[in-house]
Structures are given as structure tokens and as C-alpha cells.
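Copied over from TrEMBL, here are the features:
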- 846-863: compositional bias 'Low complexity' (COMPBIAS)
- 142-249: domain 'Cadherin' (DOMAIN)
- 250-364: domain 'Cadherin' (DOMAIN)
- 365-479: domain 'Cadherin' (DOMAIN)
- 480-588: domain 'Cadherin' (DOMAIN)
- 587-693: domain 'Cadherin' (DOMAIN)
- 846-867: region 'Disordered' (REGION)
- 707-729: transmembrane segment (TRANSMEM)
Amino acid sequence: QAPIKATCEEDMSCKTGFPEDVHSAVVSRSIHGGQPLLNVRFRSCDGNKNIHFGSSEPEDFRVGEDGVVYAERSFQLSAEPTEFVVSAQDKETQQEWQMRVKLTPEPAFTGASEKDQRKIEDIIFPWQQNKHSSSLKRQKRDWVIPPINLPENSKGPFPQELVRIRSDRDKSLSLRYSVTGPGADQPPTGIFIINPISGQLSVTKPLDREQIASFHLRAHAVDVNGNQVENPIDIVINVIDMNDNRPEFLHQVWNGTVPEGSKPGTYVMTVTAIDADDPNAQNGMLRYRILSQAPSSPSPNMFTINNETGDIITVAAGLDREKVQQYTLIIQATDMEGNPTYGLSNTATAVIAVTDVNDNPPEFTAMTFYGEVPENRVDVIVANLTVTDKDQPHTPAWNAMYRMTGGDPTGRFTILTDPNSNDGLVTVVKPIDFETNRLFVLTVAAENQVPLAKGIQHPPQSTATVSITVIDVNESPYFVPNPKLVRQEEGLLAGSVLTTFTAQDPDRYMQQTSLRYSKVSDPANWLKIDPVNGQITTTAVLDRESIYVQNNMYNATFLASDNGIPPMSGTGTLQIYLLDINDNAPQVHPKEATTCETLQPNAINITAVDPDIDPNAGPFAFELPDTPASIKRNWTIVRISGDHAQLSLRIRFLEAGIYDVPIVITDSGNPHASSTSLLKVKVCQCDINGDCTDVDRIVGAGLGTGAIIAILLCIIILLILVLMFVVWMKRRDKERQAKQLLIDPEDDVRDNILKYDEEGGGEEDQDYDLSQLQQPDTVEPDAIKPVGIRRLDERPIHAEPQYPVRSAAPHPGDIGDFINEGLKAADNDPTAPPYDSLLVFDYEGSGSTAGSLSSLNSSSSGGEQDYDYLNDWGPRFKKLADMYGGGDD
């Protein structure tokens, strides 16, 4: 560390301006750009802070607003002192003060020891006013301590002495020195230490400018009691940068684009690298250059780079994407302003893609294309137009658009573009008739979606010819006209010729036989068609009033077929408009009416209905027949309109009942048609309002056969229901009586017929052949037994009858039936014991412990026993007591 020395003159009074005319300082011989050199002191008595500092050598030195002088660039001081002038100007009064600064390089020592070379500067605390006296002592003006410059990454030895701080009062007092601030007693602590006795300030380890570029410490001097003796002084320690960091690119791979055909000087991209060293010094000043380019065609130097900004631009023409789609550049960044000897370097890759422009138009692969299409077909592709384009696929510069320039005046074709293959698809959009046009010759053009780039010499489009042949196919015949309208009066008899309905075959150039006709739809089955000539005749009488006729129109459909390959057919509709004739007589409506016995009120309104239409319908004429004479004697009729009439009583009173009144109705047709309709009139007694009061009686008197049958059926059904109810009641009584015969389920003891198998010999007959005791079911079948050894007492071999099966929960009334059926089945069973054969019992031996069965005889018969004791056994034996203890009954 070279010592920095500053001196100043003493002054007793306050005077605005620099404290001295000449300021001298000793600095290091090597000056770095941005390095602080010294502080200039300016005193303003009125406290004005609006002072601006300047330098007479602004290209070498700069003065900050705080009075610190900085080096603007890096240079070496000559052996002679360097002088320049520092000025201060009041911005309000424009008053200016100047001071000359003299910088002297530190001397170079040779041959001396390191201790002699490192002369430690003493920093003396300024005097201050005596605290115990009001008199003003001579006070030395405050020192402005120049920053201490300490190189980073120093190798020691540590601790390394920097400066010694002392007070001129240490001769009379025992003082203690200390430093505070970041790097001393604040994080990072312990970097700087001070000897409390000698005031020696030292650094304990290497510094790193990239972590902390400067340290601001404050030195203190106190007595042994901790009382402050001197004012604290500020010490600034600047870490001098060393070139210890390589440049680093922000990205290892940089991607950029440039359009093909770009002119020299076209901007491509910018690459950027950073250096952790001081950017204001050579250590952090980077320079860029291109190391290599791949590929090297058409020129090895297609691009250049601005060595300071990293901008890459083109320097040669000839960028063609169809030849080279991508360039790869190796970019190098070097610090120390690109010094290849002392600078550190790093590399990155720049990938430049050449983007496509429309510099190639589409070109047809052939001058003429051919296709064919069957007539009357639409939405079919008849030809594929292929083109080539050297531009990048699936871009607007490659996508082709096709248009027809001639040969299709009626617009029967269109050309679509296949998005994948870029082919033109010639498609039929309107039917083509072979008999009219057999060949089409189209002229088509192809061009890109975007226009060609400027300066391209190729034509913007390519043209070709498309020849399309139309193929003749068998077409369907068609009726002319379709539909065909025929006007015909109804009533045309069967077998009459109605019309001729024929079709035409559009295939004039095919050799085919005549058409054949058939019927497709004839709802009323009135018509038939001749299969050869298409003549239509009737098979029934045409009736306009048929349900198949709508609005006087009858429709029938016919089919015409040819014998082509494949056979084709067409349909036609025949519409028959039927003209009305007077073939229907009018009828009265309604068919039934009601009136009163008396003359007033007794009018009945009736209407005439005729299926015919004008002029064969109304107005109608209404009249009563001459016979029987009672009709005109009792009734009268008056027409009130063309379709309506009024029937009323002629006499004052008519007995209640049902009367059939014939009415003759005649229409207005030519000739007239008339009919006699029966009107069933119910005459009844009426109240003052004209409403019937004995409708039930009249209705009963006038019941028809159907009503009588319905009434009889209802009576029969009612009787059957009553009979069924009586039968059900009797059956229910029987069931109730049968239930009284049953006992409780716990005492339900029923006799069962048990079928016992044969038994073997006695206990002492141990030599008895037990095989003889086998059940007949388990012995060998008859087919394997020798003849003549069957036992006589075996069950005969017959098909066993089906005994009745008792249900799991039988009805109590069915028990007797079940027993009777089982008894009948047992009587008819030939296999039931005893068998009709001689029974042979084997000897069981003597000395049996079993007693004789004859001892089981009862002492008396059942009829002689007294069962009255059963009454004492409780309610469970009450039934038995009633059955056996009731005496002779």
C-alpha cells in the first residue's frame, strides 16, 4: 500500500473557499479508471451547499459533489508531479474559487527489505477545544483522509498492516484505539483489526472486490476510563480489482434468424456476456469476435460481430435457405479489452436459422394432365395436379392456390388444394351429360398464397392443361311430363282407356330395347298399365267420393325400366282430376229427433247431406210422401234454406211414442237425384220450457233388440254372481265344521300305514343265511337270477301304482278325500302285502328271550270299555271324550 499524504495550512478565521491554494498528494504510480485519489475540502461560512466542483482536466480527473477526486481513465503517472486545477462555483451567485492540485507518484524502492518498503502512514487525530475551559485553543483543521487502496486476492502475510492511527495526546494520556463499521465489528466481522495500544490497523485475510468493493470504517480514541478523547475519523478502504473472473455468456446457445436473400449489413441478433470484475476497469471491459462459421458456404465470412456490443450482422450476400438452412457460429468474449495475452476468454454458440421467403414459384410437373369422369357424377376427383416448390413446406411461400383460366364457362369444375401434398384436386361440382359434352379441356394456373419476393426473376405463376373425358353410363328413363294431369269424370267404367303415360331414355348412344312399364302405387287399385306401350286402363269404377281422393285428385305412380347394364328405372306420377257427376242422393241429418205432444213448440230442424258437390248438391227440395196418409195428416215440412228444413206437427196433439217419418229429399243435379230418408221422431210430454218429462218411458217403449239383449245379459250375470255367493257360503260352513274335528297341533297324532321289510332269524340262530333277509329291492335283477329259485314270498314284479301325494299343508276338508284315494290305490296294488303266494317262514331257533305275541290280546273289547274318564284329562282330550264317551249315540 503506497502512502497517501495530504497537507493544509492553518487559518484562524472563517473564510468561504478552499483552505489552501495548492493541495499536494502522493498516490500510486498506476492509476485505474474510477479510482478515488483524494478529498478536496471546501468551506462555506454561510452553510451554502449549492456548490459545483469541476476539473481543468476532465478527460483524466473528475470531482464528485462530495469533493472526492476520481480518475476518469487508467494511466501511469510520470516521474514528474501531475498538476491540475479544481474549481468550485456557486450556482446562485456564479462566484468561483480555484485550487491547484499536485499529484506526486510514490517513490520506487529497490534493494530494501519489504519492511522498509512498506512505510506505514500515521493518521493524527485533530485537536479539539478543551472541555474544561471556555477559552479557544488552537485547533488543527479536520483531516480529510484519502481512501486506502488495497488489492484483492492478496497473498499476505496476514495480518497485513495498513495504517497507524494515533493522537498527539498519547504523550500525556494512556489511550485506547478501536475501529467500528462493516468489516470490523459489524458483518463481515474480523476482516480489519486494530492494536488498541499502538493504533496499528491491519487486514486479516484476502479481500474479494466482487463481494465487497469498499469498506467504510470509523476510528476512535478513548482514555482508560472510556472517555472520548478525540473526535472519530472516517477511513475508506477501496478494494482494487484484479482480473480474476472470466467473461460469462448469458446463454450458452443463442438462437437467431435471418431471411434468405438479406443484403449485407442486415441485423441478425445480439449476444451478451458479463464479467464479474470491475466494468470500469480493463478487467471488466469485454470484446467479442467470431472464431468459426459452419458451414463455410457460400463464403466463410457471412457474418461479423460488433466487438463491443455483440451485435451480429451479415457482411456478404448469398443467403439461400434452399442451399443452407442454418449457420453455427462460435463466439468468443475476452476481457482486458480483448488483449489475447492477459485477457481471460469464454465462448458460446450462435445458431442462425435462415428463414424462407417466397423466392420460388410453384411449377407443374407436366404440361398436360388427364382425367375422366362418369356422367351425372358430382363431388368426385377427376385429376390430380402436381407441382414442385423449393420453398419451405407448409408455409405461405410453399402453399399453392389453383384457379381455372379457361375451358369451363358453366362452372362445372373446381380445384381444391390438398394441404398435405400441395396437389390440386380437380373436382366435379355440377352434373355432366355425356350426350351434351364428351370432352373438357381446362387451362389452370398455380401460384403461392403470398407474392414472390422482390427481385425474383421467375414468373409468379405456372400454367398447365387438363383434359377430362366424360364416360357414358346407363341413365334412368324419365316420364314426360312428370307429373301428368288427366281430367276425367267419375263413374268411368272398368276396362276403359284412360290415357297413355310413357317415358324417354336419355341414352341415345346405347343400344337398348324398349322400355318396360309397371305400376308402383295405386291406392284404390283402379288402374293398370300396359308394360310395352304405357297405355293406362281402368280396372274399377272411378269414384270421386272415395277416401283415396283428396280435393278431387287421385294420384298413382308408375315405373319405367330399361335393360341396360346396370338396369335403370324412373318413376312418374299420374294425377287424375275427377269431375263430379250426380251419382249420390241426398240424405237427412240427423237420423233421430225429439218433439212435444202438443202443437207448440214442436219444430224439428233437419239438414240434407249430399256427398256430391255443386251443381249436383243443394239447394235441396224437401217433401213428405203421399203414403201412408198419416204422415201428411200428422206432420208438415217447410224448407228454411237451401240445405235446411223444419218438420213440425200438423195436428194439435199427438200421443207420446216413437214415429218413423219418411222425408223425400231431391238435389239440384241434372238429372235430379232424390231419396226417401226415415227420421225417427220421439214424441214426449213436455214442460212449460219445452223439455221432455217422460223421456224414460218413451225410451223404454222404444228399446231395440240390442238394448233388450244387453239388459238380459246383465240380469244373467247378476244371477250367476248370487249363485256363486251362495255356494261359497255353504263351502265356508263345511270348512268351519271340519275345523271342529281337528285338535291342536301338539296333539295331532295320525295313523300312518308303515311298510315293514322282512326280518331275519332269531338271536340264537347265528348260522342263519342273512342274505335271505335282503329287501326285494336290493337283490339282483330278474335277468341275472337263475330260473326257479325266486322265493315264493317275494313281492311280485309289477309296476307300482302312483299313490296320492299329500300336500305339505293340506286343507282340513281334504283329509277324508286323501284317505279314500289312498285306500282305493292300495286295494288295486298287486304288490301290496299280503302277497297272493305261499309264505314260508324260516325257523328262528329255540330259547328266544322274546315273549309270545298271544299275550297281547286285550281283556275286553272296545265297545265294553268306559271312556268317561277322558273328560277328566283336560281340554286336549275333549274331542275324544265327546266321540267315545257320549253313550250309544
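Glycine is treated like the rest: Cβ placed from N, Cα and C.
Automatic, uncurated: that is what TrEMBL annotation is.
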Legend entry - For the domain 'Cadherin' (480-588), residues assigned helix / strand / coil by DSSP: 0 helix, 48 strand, 61 coil
Legend entry - Segment-level pLDDT (mean, integer) for the domain 'Cadherin' (142-249): 89
Legend entry - Helix, strand and coil totals (DSSP H, G, I; E, B; other) for the domain 'Cadherin' (142-249): 0 helix, 47 strand, 61 coil
Legend entry - Structural state census, the domain 'Cadherin' (250-364) (DSSP three-state): 6 helix, 50 strand, 59 coil
Inset, instruction - Determine how many residues of the domain 'Cadherin' (365-479) DSSP places in helix, in strand and in coil. - result: 0 helix, 53 strand, 62 coil
